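Features reported for this protein in Swiss-Prot:
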BINDING   108-131, 216-239  NADP(+) binding site
BINDING   G181, G183  K(+) binding site
ACT_SITE  C186  active site, thioimidate intermediate
Amino acid sequence: MRIEQELKLGFKDVLFRPKRSTLKSRSQVNLTREFTFKHSGRQWSGVPVIAANMDSVGSFEMAKALSQHGVMTAIHKHYTVQDWADFVKDADSETLNKVMVSTGTSEADFQKTKDVMALSDELIFICIDIANGYSEHLVQYVQQVRAAFPDKVISAGNVVTGDMVEELILAGADIVKVGIGPGSVCTTRVKTGVGYPQLSAIIECADAAHGLGGRIIGDGGCACAGDVAKAFGGGADFVMLGGMLAGHEESGGEIVLKDGESYMKFYGMSSKSAMDKHSGGVAGYRAAEGKTVLLPYRGSVHGTIQDILGGVRSTCTYVGAAELRELTKRTTFIRVLEQENNVFGKEK
């Protein structure tokens, strides 16, 4: 047993220090990033925000909506191959280039991924997604997928430390997904005692990934636009959002009527709700590691994504970053004990 004494930080523990800026307007800020990925050699351009691959967020409808803003969607893995075929038939190139095909690590998952990727050459992202990215099996699976898809962009996770980021990149991942337990409907940290404060995880994992020419996704923990900006400031190349994009018309969640009001069900992908729906219930050897909540129905996602991107643009103007890629270089975080004045309640 050992204890690491260094303090680890989450988004609530810091604020940006403002810096001199020559920008006159938020409209001058360019949020588009261009990446060339290490293993696939693929070039990609877009706004590096990703809707999470949860079945009450990462829907085909969400992908169509967010692609209009240059934003990505990781499609949840519970659609059938026929569902994908119907989607590909109707989707334009811009949408197809902004989606990730999510998969688990079983042989059935591998075959399904091959079937889906064969539907269109314009599907270029594969997201290998398991809760515990420290499994040796994940490394072997990344190698298997890389061998089968040498020209596709592969994301793998989730992990929170630089050593495993390096191992996954060396195994063939272009992008590593970072985050264990920070999500709004995740209870892994409570059920297992395992986790890592998300901002520190991003800072440390970005350093490891960039040293090898890889990229990271900061996955989870964002509760507001300022948190998204902090993730980018900490070095995340992409930021994945679940709860912030849940509850919308395009989210794909179940709508529930309660006391005359409309709500949408939102749950973690290791929750009892998810396992009841997709696995026939919680297996006898495990515990559910997620919660189920009802969110007030929020209408179209377009207003929400505009608000998030507007907040990030504003961050850039405060620190003098004309482009999103400059934000991490312009970032100085200050440690704080407060974030906002809640005398009239929190912002909705």
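Positions of Cβ are set from backbone N, Cα and C atoms, glycine also.
Annotated features taken from Swiss-Prot, shown on the structure.
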residue: A108; record: NADP(+) binding site; DSSP class: helix
residue: S120; record: NADP(+) binding site; DSSP class: coil
residue: I126; record: NADP(+) binding site; DSSP class: strand
residue: G181; record: K(+) binding site; DSSP class: coil
residue: C186; record: active site, thioimidate intermediate; DSSP class: strand
residue: I216; record: NADP(+) binding site; DSSP class: strand
residue: C222; record: NADP(+) binding site; DSSP class: coil
residue: V228; record: NADP(+) binding site; DSSP class: helix
residue: G234; record: NADP(+) binding site; DSSP class: coil
Alpha-carbon distance [G183 (K(+) binding site); C222 (NADP(+) binding site)] in Å: 8
Among A108, C186, I216, the most crowded of the recorded positions [Cβ within 10 Å]: I216
Nearest recorded site to G183 (K(+) binding site) by CA-CA distance, among binding-site residues A108, K114, I126, G234: G234
Candidate with sparsest Cβ neighbourhood (10 Å radius) among G181, G234, the listed binding-site residues: G181
Mapped DSSP class for K114 (NADP(+) binding site), helix or strand or coil: helix
Pairwise Cα distance for G181 (K(+) binding site)/I216 (NADP(+) binding site) [Å, integer]: 17
Number of other Cβ atoms within 10 Å of the Cβ of G183 (K(+) binding site) across all protein chains: 26
